[in-house]
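Chemist: Have a look at the structure that comes next, please.
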Amino acid sequence: MASVNWADDRAARKKFPPPSFYMPLLVSSDKAPYRVIPRNLVPIGKGNKDEQIGYWNVQERWRMRRGQRVDLPPKVHFYYLGTGPHKDLKFRQRSDGVVWVAKEGAKTVNTSLGNRKRNQKPLEPKFSIALPPELSVVEFEDRSNNSSRASSRSSTRNNSRDSSRSTSRQQSRTRSDSNQSSSDLVAAVTLALKNLGFDNQSKSPSSSGTSTPKKPNKPLSQPRADKPSQLKKPRWKRVPTREENVIQCFGPRDFNHNMGDSDLVQNGVDAKGFPQLAELIPNQAALFFDSEVSTDEVGDNVQITYTYKMLVAKDNKNLPKFIEQISAFTKPSSIKEMQSQSSHVAQNTVLNASIPESKPLADDDSAIIEIVNEVLH
């Protein structure tokens, strides 16, 4: 017969993941974390340039309210490649709750950075790019000081309460003595005047409160009508600017939304070189009349797909800058560098955007630019 050893509680212990070097981020969005976290969101401050690679581990959170489970915004914790709860995973190996990130030039081999010790405080993460509005740093709370703070607050409240009672009693006695003295003085003066023949027969009505006219209430100034937010517009009508940038309007750059370098993403149409790039963007009429348009039902919506191709001469002065913006978030290199890049095999695998291999333009006089635009209505 099997026996139970109550002294052995190892099976009942909850296994916690190794602590991260950094404070976690809170994902305050209805979107999945992998749709919000930029693919190059690696904290700065640890490791060399080869080790700027790792993953964000998603921590699902919930609480019970009236017997029902209520989901809370998830937190994400950063770990370098080869560390943390998923240290055995290879870079970009699929796993639930894992969002892979890396910087340009990082190597896809395990780092030697290890994990934070539990008695060390986590660092506040800092990044070389701006955090999307859906992400925020969760401040560290030292639980070891909670009891001392609670005791201090309790003592302060008790002292304040006793002091308040004592002060209140003293003020009450002072007011009572003052009122009694005033009454005695008024009675004595009145009696003296009466004995001298000054009997106040007619009392003038009190004018208290009537000598000072009340100022009419000024009407509140009407609030100035603010410019409508781009986020209130349909997605296909938004125009990103410095105030509401590309990430706010359309989300972070990824392989399905791959146009724009850091300047364009930050400033939108207010970026310095955007007017030149706009020369190679079809207008509404061209997109409508010169596209292959198709529709498809997606749940309660209709998906409208525009497939558009345009021929641009190779000597077009705006073409090099335009091509530079393609997947610029993964490989911010110039056109000349792309054209002069020689094919070679590196000894170590170096991360450099997993985009299709770039091919030279055709030998004819024009380049083909294909645009596929999908709109959910």
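Backbone N, Cα and C atoms are what each Cβ position is placed from, and that goes for glycine too.
From Swiss-Prot, for reference:
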type	residues	note
COMPBIAS	145-158	compositional bias 'Low complexity'
COMPBIAS	165-183	compositional bias 'Low complexity'
COMPBIAS	202-214	compositional bias 'Low complexity'
COMPBIAS	230-239	compositional bias 'Basic residues'
DOMAIN	17-139	domain 'CoV N NTD'
DOMAIN	223-337	domain 'CoV N CTD'
MOD_RES	Ser148	phosphoserine
REGION	19-151	region 'RNA-binding'
REGION	140-183	region 'Disordered'
REGION	196-244	region 'Disordered'
REGION	230-334	region 'Dimerization'
Chemist: Please work out the mean pLDDT for the residues of the region 'RNA-binding' (19-151).
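Modeler: Residues in the region 'RNA-binding' (19-151) carry a mean pLDDT of 90 in this prediction.
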Chemist: By DSSP, how many residues in the region 'RNA-binding' (19-151) are helix, how many strand, and how many coil?
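Modeler: Taking each residue of the region 'RNA-binding' (19-151) in turn, the totals are 19 helix, 40 strand, 74 coil.
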